[in-house]
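What Swiss-Prot says about this one:
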{"type": "ACT_SITE", "residues": "H911", "note": "active site, GMP-histidine intermediate"}
{"type": "BINDING", "residues": "D98, C583, H700", "note": "Mn(2+) 1 binding site"}
{"type": "BINDING", "residues": "C583, H732, H833", "note": "Mn(2+) 2 binding site"}
{"type": "BINDING", "residues": "699-703, 833-834, 885-888, S892, 911-914, K987", "note": "GMP binding site"}
{"type": "DOMAIN", "residues": "251-415", "note": "domain 'DOD-type homing endonuclease'"}
Amino acid sequence: MAPKSMLKHIRNNVVWELPEDYKGCMKVPGRIYATEKLIDGMEKGVFDQVANVACLPGIYGYSIALPDAHYGYGFPIGGVAAFDVEEGVVSPGGVGYDINCLAPGTKILTEHGCWVKVEDLPKMLTDQKLKVYDVDEGREDDSEIKFVMERGIEEDERAVVLVTESGLTIEGSEDHPVLTPEGYVELGEIEEGDLVVVYPFEGVEYEEKEGTILDESDFEDVDPQVLRYLEERDLIPLRWSDPKVGTLARILGFAMGDGHLGEQAGRLTLSFYGDERTLRELKRDLESLGVKANLHVRKRRYEIETASGRYEGEATSVELRVASRSFALLMEKLGMPRGRKVETPYKVPDWIKEAPLWVKRNFLAGLFAADGSVVKFKRYTPLPINLTQAKVEELEENLREFMNDVAKLLREFGIETTLYEVKSKKNVVYKLAIVGEENIKRFLGKVGYEYDPEKKVEGLAAYAYLKLKERVKKDRKEAAETAAEVYEETGSITKAHEAVADVVNRRFVERVVYDGGISSVRVPEDFPTFERFKEERVLAGGFVIEEVVEVKGVEPEYDRFYDIGVCHGAHNFIADGVVVHNCGVRVMKTDLTEDDVRPKLRELLETIFRNVPAGLGSRHRRVRLSTQELRQVMLYGAEWAVEEGFGFDEDLDHIESRGNMTHAYETIGWEEYGPRDDVASKRAIERGRPQLGTLGSGNHFLEVQVVDEIYDKEAAEKMGIREEGQVTIMVHTGSRGFGHQVCSDHLRIMERSMRDVERRFGVRIPDRQLACAAMGTDEAKRYFNAMNAAANYAFANRQMISHWTRESFVEVFGDEYGDADDMGIEVIYDIAHNMAKIEKHPVDGEERWLVVHRKGATRAFSEEALKKHGEPVPFEGLPQPVLIPGDMGTGSYILIGTEKAMEETWGSTCHGAGRTMSRAAAKRKFWGEDVARELERQGILVKAASMPVVAEEAPPAYKDVDEVVRAVAEAGISDPVVRLRPIGVVKG
């Protein structure tokens, strides 16, 4: 929910201000354009990101969020910000259901922190869920398995092996998608030096065990209602094969640390204590078992007596209370002691001692979440992790027994510990210490923490860090051995250093040779401390960015791949929501009506689907580009496409910047920031050549629409729209994998340049996802060169798709209505909605050049502004058209820009409906086939490359586009012209 109490109402209940004191570093206020209904639906993260953007150097006016805003990478999607062209920055942060084809032997991590070989998943007796990364929420999650399939390997098909810097290895088919900081990239397209996102936890192998832990006979002495409650939740009988065993072991471990089982008002209850976030995670586990629990937060006085003195004060106490007597009794049967634990003898339950290793892992992870210390570092070295428990003096022996039981469990994971007593005036206190880097690494990689978010994220980050440190030390040790061998053979320090120069410096080699070797290898001086590593590499939820150190194609030594279908996938705005993708939308009008098209609508969709290549690098190729031709696309965009016969010269007058960013930047005198053809790596060229002229998947689409309602008849007529029922065509796609690759090649440069920005402007960037470069620097110019080259690719892509769509209409309706010209198929407008552009705007009464970032936002210029920037005026006497796609089941809009938008939002408005539900959530909730059937019932036909994509784009997954448009209209930053409704949808 939004922090509504912080928002200041400006006007019309659709314009709101986020004050500068929301975050101390804000240089300007935030400005939110949304109805109260839309405000209520915005994640708090949107407002935090608005505030973070307001902290960037050189920002003017406001950090803006439009009504379709939702949480993004760095900037909110639906965000706008303008920066001084001399004293500001450019930031890439401003501008899904996957089937994975994996090699046998691949380890798949489950919800319980254990792994299963992919080929063994169908054989498992349990229905454990798999662990996934919910990108929307920045946290791990779990998902049910939809299916596990196997397929034979095709003749001459190769596999790809990818190795990261910490040693993580994955092998799969070339089209297996891998998550990178910029989104999903196919395994076959990853290169050495690329970055990928990993989950740094090894876990232990899943092991099945037969038999029963508890059954009805264990509850013969209790009220039958207790047994009924447990049976209704499938908690009795409790068998080893039930995945709930892992959850119960976790809960029991935490309860033995921070839980209390006792009577309250004569009723047995179970309570847990701790940090609110920790208890909310625990509450999720309880609810997954069907057990209700309530959080209670209160202030309380405390008194603590330690060896060093007595302390008292006030603290906030948080309790998670389970009212169910039945569940409390179940926990008691599982070994939870009744009464004050400090005064009650207990031990590690026998069933835990007898359990498979993965169950023991969950018990320990819950226990250490409660009573274990968080991992800490002294620069490069981890400090001991301690488990602390106390008893009254009479129970010292019982305490030692319990701690020794825990030590024995840890030893089964290869983790050695030390037990020692801590001085205490009141009770006997013992600490079980995990000491030594190897032991700590094993604990973090195999056991770790559950529930406590801080401990868990720190633990995951620490494990990744220690694995990286281990690999670096190993490389340096091998370099020392190699250097010594080369020196012995050649007698040359120079040759010895040349042999290992990519790993160590010359001084290291000299020490190896002259000092008789190196007794113990340490990390180099420039190796990051743990704190710096976290800052640079760790994402929300403990996921970590790692560099790929090896990629190789291999001949499979097996005869089949395995495919996993899950009901959860990562939200793809990490890829699509950044500048580099330059997504955009185009609308064309026709002189046909719905009555003309409806009888042959299905045939039309089939024809478009056949003529317009879809998907990820569709095999159906209409164009085969040479490298030189692709370089021409990078420089000239849609103009290149028209010269090659894809469309007409008149089309260019209805495209933002005539579809040619070279011309646009030459016109305004900033040609050094325009596109260049030398910014593309070999890999970008390889990706771009086959994908030009393809629609793409995800939220990319081609729709056949009809005019549903006309609001401004004069403006509509100037656009060629005369009546309701008239057919239009909307194309939504972008720069495909080429844009991703070109700009991701430059992203690491931007990340490095951020330190220069902080030094230059004396600021601290509040979010590392706001990587940026100071305008005027080579890094900023190169980024613009790359981004504008990708923009040209996108303009050319939409131009080619439009041409083939015209041909499809002629193929289906030509005999009856003539050629494309006879049918009046003309471009109304084509505009990008993920771009940063250099534009001139008034600031404090003075015209200034600004860098305007529009992420998931659309330019909405007045006619005067178009002329000032040398932009084509598509319709004389009208502001620039604005195209707002909705969802498949409702509609889209054509708006026009306003003077109010020029004054307040740098000539910007919303770009679409905006999501309310992640793709993962949509696929959990909807079946693509059901969505398609329901749309057909409404008169909307869908032709898609896959049904999961249809599920992702289900209408309920989006905000109400009518509400979004109402917000910008009432705010005065756009005026509605027509509403369009879909009748046919083509998706890649």
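Each Cβ is built from the backbone N, Cα and C atoms, and glycine gets one as well.
Nearest to H833 (Mn(2+) 2 binding site) in space, judged by Cα atoms and limited to the recorded positions H700, L702, D887, H911, is H911. H732 (Mn(2+) 2 binding site) falls within a strand when secondary structure is assigned with DSSP. Taken together, the residues in the domain 'DOD-type homing endonuclease' (251-415) have a mean pLDDT of 91 on the 0 to 100 scale. Across the structure, H700 (Mn(2+) 1 binding site) and H732 (Mn(2+) 2 binding site) place their CA atoms 5 angstrom apart. Within 10 Å of H911 (active site, GMP-histidine intermediate), as judged by C-alpha distances, the binding-site residues found are N834; the full candidate list was L702, H732, N834, D887. On the backbone, the CA of L702 (GMP binding site) and the CA of H732 (Mn(2+) 2 binding site) stand 6 Å apart. According to DSSP, H833 (Mn(2+) 2 binding site) sits in a coil region rather than a helix or strand.
Calculated from their C-alpha atoms, the gap between D887 (GMP binding site) and H732 (Mn(2+) 2 binding site) amounts to 12 Å. Note: the CA-CA distance between N834 (GMP binding site) and H732 (Mn(2+) 2 binding site) rounds to 12 Å.
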